[in-house]
Amino acid sequence: MSDQTVPIAPLARLTERLPFRSGPSFVDVLPLLVLVALVVFFATQAESFLGSRNLLVMSGQAGILLLVSLGATLVIVTGSIDLSVGSIILLTGAILSRLLVGGVDSTLLVILATLAIGATAGFVNGAIFAFGRIPSFIATLGALSFFNGLGLTIIGGRSIAFDSPGVLNLAIGQWIPNVQNSALFGLVALAILFVFSRSTRFGRYLYAIGGNERVVALSGISIRRYKILAFVLSGVTAALAGLLVTAQLSASGPSLGSTALLDSLAAIVIGGTALSGGNGGVHRTLLGVLIVTVLVNGLNQLGVQDFAQIMIKGAVIVVAAIFTMASQRGLHLK
Amino acid sequence: MPATVAPLLEAIDITKTYGSNEVLSKVSLSVAPGEIVGLIGENGAGKSTLLNILSGVVSPDAGKLRRNGAPIAPSTYREASRSGIIRVFQDSALIDNLRVYENLFFGWEHFFTGRLGLLDRRAMLDAARKALDAGGLTELAADRPISDLAPGERQALDIARAVATADLLGIEAPVILFDEPTTALDSANEENFLRLLERLRGRAGVVFVSHRLGEVLRSCDRIVVLKDGKRVADAPASGLTDADLHRLMVGRERTGNYYREDRQKPRPGPARLEVNGIAIAGAYEPVSFALAPGEVLGLAGTDGSGKRRLAQTIAGERSPDRGEIRVDGKRLRTGVPAAVAAGVAFVPGERQHDGLIVRETILANFELPSLHDLFSNAAGFRLGRKARTAAERYIAELEISAPNGVESRIDTLSGGNQQKVLLAKWLVRDPRVLVLENPTQGVDTGAREAIYRAVRDAAARGVAVVIVSDDLPELIGLSDRILILVEGRSTRLLDAAPGAKPEEAAVVAEMIPAGIRSTPGTTPGITHV
């Protein structure tokens, strides 16, 4: 149980030091209240919900969702969107499973390959968007289709299983007792990207671009460079998520990553990062990820049908967006 | 006017409070038939709130409104419009992708429904023709798209629309509210606007908000001055002077020389900024000049004269087709990053669109152009404390009034304070060349003084300054020399030494294209380039 509450306590302190706000507002604490309410609800409804086994499973699920949502959050902070994260997961899984079946068995090599795949895919996205001067929605929609097709071609449209204890351990091992490595990866990436976005000039540029691109350009800053950087980061975190999912299953398959786009967007919006860009951030996305994970897992525990779950997720996204937008309008009028 | 006629519009003891902040305190104002009432005050004095209340956008906490003697309480803008109180908004409310006639009757299309409830386009076009002719826009085709209208035409259309709306609604004597209509206009268009205003006098009452004291004095019958939410004066314009208004608005005398001409002295030395034959096809023809350290050059011209493009080229935002720009003898590469690296700073005219990220804090805006050098270390980590200390220094130096210090969001600041932040973000870079576009547009008198002082301080440190301003007294007052552009050609370079400044009228005469000019500019003190 303590494993689950660990990330929440420091978060309350973080929200008090949001990069661009002076103090926590209603919308800052709302996701926290929702999370607590959900945990209490599911704990009373399903005995197994707070069982140590389920907590471990949830930490793994949350870690992977966190990874894929982190880079995507930074893209959204710049006022763009990356629709291709799910397809990058599929592409990564496809390539890695081919490599592993083909005789590669070095965990380090697998990680390096993952980073290379993610960075390349992200760079392609960013370059098409920045140099082609088309909306990121269109650029990454095209990329989504392309990467999906490429991934499916690589695995021939079927599942490819591999047997690699080292890779499996990357995902479900416990370098820290009672914390799945997937969760560890997620938290480490969160810490790095949090510092990156708050305390480096590159991170500040991402927020500034989301706030007003023209002002940034007239301040003598190359916008393209930093837009591409955001997409590269998004590609890398998506690929890392792809590595962990594939490792967890010890297999890749055609449906890999198919829920990642919706779930990560849900987590980002619920956390309170507005799609219009310029505010929010990775620290908020952590809360969104925990809410989505608890919601999905809890509904599973209660035996709610898959299809109904999808409907509930959709409704939650819309409600969260309404709250986020309302709070921004409120701030703007003050 | 005889006392028996009820005022077209009367506001009595209007009070409005936001939180603990009393924005308007028992303010009264009346508009007689055919009267033009000027409403002035510094930013934050309550002008906008009063206009919002008169036009139904905001409801007052206390006080009454009367229209032709009868009480009204409009709760929406549309309700106010129906009773004949029509507002011309600060940023033209025309819709770019619609045509002239569609804009004229936007929101009131139901007056033109024909059979089957469809719009009767012919009737709309006919009515639009009449409205345009009445508004002096005889040349403007009713079915032209709005997007290719010049600023002056847009403004005339905004006014024609207000009158047309009143006509549609069958209102004989509307009250038209103008919210800083001339802020974005250059001198020639400003003249045009004042003529249009004069035409309205026959049939409407007008409330006219402006920062330009000269034009308010010239065009208004009566002037109402607000200060800190209170009405401090309501008097006929004929008995007032520029200095009176300034004193009433700011609450103290205008001290000495407004533009600090006494401090105007370029320092001899090798040219700081050299512009050698740069040109952009379709914008301006080859132009050359050189500025000594501390020299201030004004660029004057009408809209479309190329003065803005020229300033933007020096700032690196546009690449010249030919020619070169040198800063301290070193040739400038194209692009804003290269210009910034060479010490060129650019304060764009549209501060909310191009100058500042309005939803961010003062600090975030202040540090932005300097994050790559002054305010970060080699690894790219931000030097937060250093940036904060520097920002705080400029808040004190430029007298920026900000409720939460460097953490104040830009959109909580007045226009004048925003402009000071924009200036500060460049001053901290200790620039060699400062390019200013309308540096005091929409800025109140007190803040103007601080901005002029900062410009003089920069010049005293040897910064070469290029100013584009539609406020001619300001341009003349600040500049050492004034370059006139007419339709892209640089026609004259006027000397504007302290004590020997050209008259405003002489500069205007130079700015007007030769075909239109009635009398050739023969003012003494003007030399050909």
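Note: Cβ is positioned from N, Cα and C throughout, glycine not excepted.
Because TrEMBL annotations are produced automatically, they should be read as predictions rather than curated entries.
Per TrEMBL, these features apply:
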type	residues	note
TRANSMEM	A:26-43	transmembrane segment
TRANSMEM	A:55-76	transmembrane segment
TRANSMEM	A:107-130	transmembrane segment
TRANSMEM	A:137-155	transmembrane segment
TRANSMEM	A:175-196	transmembrane segment
TRANSMEM	A:228-249	transmembrane segment
TRANSMEM	A:255-274	transmembrane segment
TRANSMEM	A:286-304	transmembrane segment
TRANSMEM	A:310-327	transmembrane segment
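Counting Cβ pairs closer than 8 Å to the transmembrane segment (A:55-76), the top stretch among A:137-155, A:228-249, A:255-274, A:286-304, A:310-327 is A:228-249. Same-chain residues lying 6 or more positions outside the transmembrane segment (A:310-327) and placing a CB less than 8 Å from one of its CB atoms are 25-27, 30-31, 262-263, 265-266, 269-270, 272-275, 288, 291-292, 295-296, 299, 304. The transmembrane segment (A:26-43) is in contact with the transmembrane segment (A:255-274), judged by 3+ CB-CB distances under 8 Å for residue pairs 6 or more apart in sequence.
Using a Cβ-Cβ cut-off under 8 Å and counting only residues 6 or more beyond its ends in the same chain, the transmembrane segment (A:137-155) has close neighbours at 81-84, 86-88, 90-91, 93-95, 97-98, 121, 124-125, 128-129, 252-254, 256, 261.
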